[in-house]
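According to Swiss-Prot, the feature active site, proton donor maps to HIS132. Under the heading substrate binding site, Swiss-Prot lists SER118, ASN134, TYR135, ARG136. Annotation comment: Swiss-Prot describes HIS122, HIS132, HIS166, HIS196 as divalent metal cation binding site. The region 'Disordered' annotation in Swiss-Prot covers 12-31. Taken from Swiss-Prot, the feature region 'Important for dimerization' covers 286-321, and the record attributes it to sequence analysis. For HIS196, the entry in Swiss-Prot reads site 'Important for dimerization'.
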Amino acid sequence: MVRALIRRVLGRQENDQSTPQLELPPTDSRDRARSMVMGLQDEICAGLEALDGEGRFQEESWVRPEGGGGRSRVMREGRVFEQGGVNFSEVQGNELPPSILKQRPEAKGHPWFATGTSMVLHPRNPYIPTVHLNYRYFEAGPVWWFGGGADLTPYYPFLDDARHFHRTHQQACNSVHPNLHKVFKPWCDEYFYLKHRNETRGVGGIFYDYQDSRGTLYKGQDPTGAAAKVSSELGATPLSWEQLFSLGQANGRAFLPSYAPIVEKRHATSYGDRERDFQLYRRGRYVEFNLVWDRGTIFGLQTNGRTESILMSLPPLVRWEYGYTAEAGSREALLTDLFTTPQDWLGDPSLEERCRPHQAIN
């Protein structure tokens, strides 16, 4: 009876908007989504402990008074990872925050549920990139969607690392639908962009949000951007709840294969004060993005999430330098000139010519 009522209400809404009807999620959608992201947290933590060799995650469980809770796992002072965290959360409530209602006003007035896993790793060695991922699921009455992504933030440029990370996630996306990576790659470049610096946070990866069973893939905020253009050219790409569930699972499981080979290749590279200082300086961009632009941070703070877990993404050490300019022709200059602007990492052969003089190929 309840599901029939939802269908009638939803049908009226969709008919008014002249858009396809939203598929209802499975009756066990919340349990399955919760199990999926908890499983990803377990798999990733086990893989990272093996990769580090010495560091171990310390777990802290927490309860949200308004409903829900989670478990935060943090590694400090490992052999490879200076600090890293892998979170799981499941939260629910009756009043949605403004950041959600602005995007999906039809969710207003419905009790809501959200679950997800998020991770940020800050390696010690400047030649190993910082990495981030987040996969999540949201429901509010008849409204539901999946979101997620992963992105790589190098401090020293290596074309092979960027290509490997992108290729691995492209394969994961293609296992669900061939259109996905074509939109989610430029969407990632768009999302992880520091407008006040006019640069991307790193070399990107994939990003997607508000994915339900309707319409075109791009549901972002720049209707004239590259992701919107590709999405419009591809047209409607209807995906079922099951396909979108598989998308999060496939990309979550692609994380270790996308990142572990980079760590194994770079962790023994020697470095000095110059490289460490540049790493700490570039970490400042990470802090700026997360505190100024990141919607996940904003959502967590607006919904009385656990502050320690929300800000777990910040690096343990960071520095700012007024008016810094990289030395012309240096690897630091290549990083800031090439690796902080959107590139066709998998399809542009000219990148090799730009990287080769700086030993940034292998």
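Placed from the backbone N, Cα and C atoms, the Cβ positions cover glycine too.
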Which same-chain residues, if any, lie at least 6 apart from HIS132 (active site, proton donor) yet have Cβ under 8 Å of it: SER118, MET119, VAL120, LEU121, ALA150, ASP151, THR153, SER313
SER118 (substrate binding site) in three-state DSSP notation: strand
Near-site residues: substrate, ref SER118, ASN134, TYR135, ARG136, CB cutoff 8 A to centroid: VAL37, GLY116, THR117, LEU133, GLY147, GLY148, GLY149, GLY296
Rounded Cα separation (Å) that holds between HIS166 (divalent metal cation binding site) and ARG136 (substrate binding site): 20
HIS122 (divalent metal cation binding site), number of other Cβ atoms within 10 Å: 24
DSSP-assigned states of the region 'Important for dimerization' (286-321) in counts, ordered helix, strand, coil: 22 helix, 0 strand, 14 coil
HIS122 (divalent metal cation binding site) versus ASN134 (substrate binding site) - Cα distance in angstrom: 15
Residues near HIS196 (divalent metal cation binding site) in space but at least six apart in sequence (CB under 8 A): GLU288, VAL292
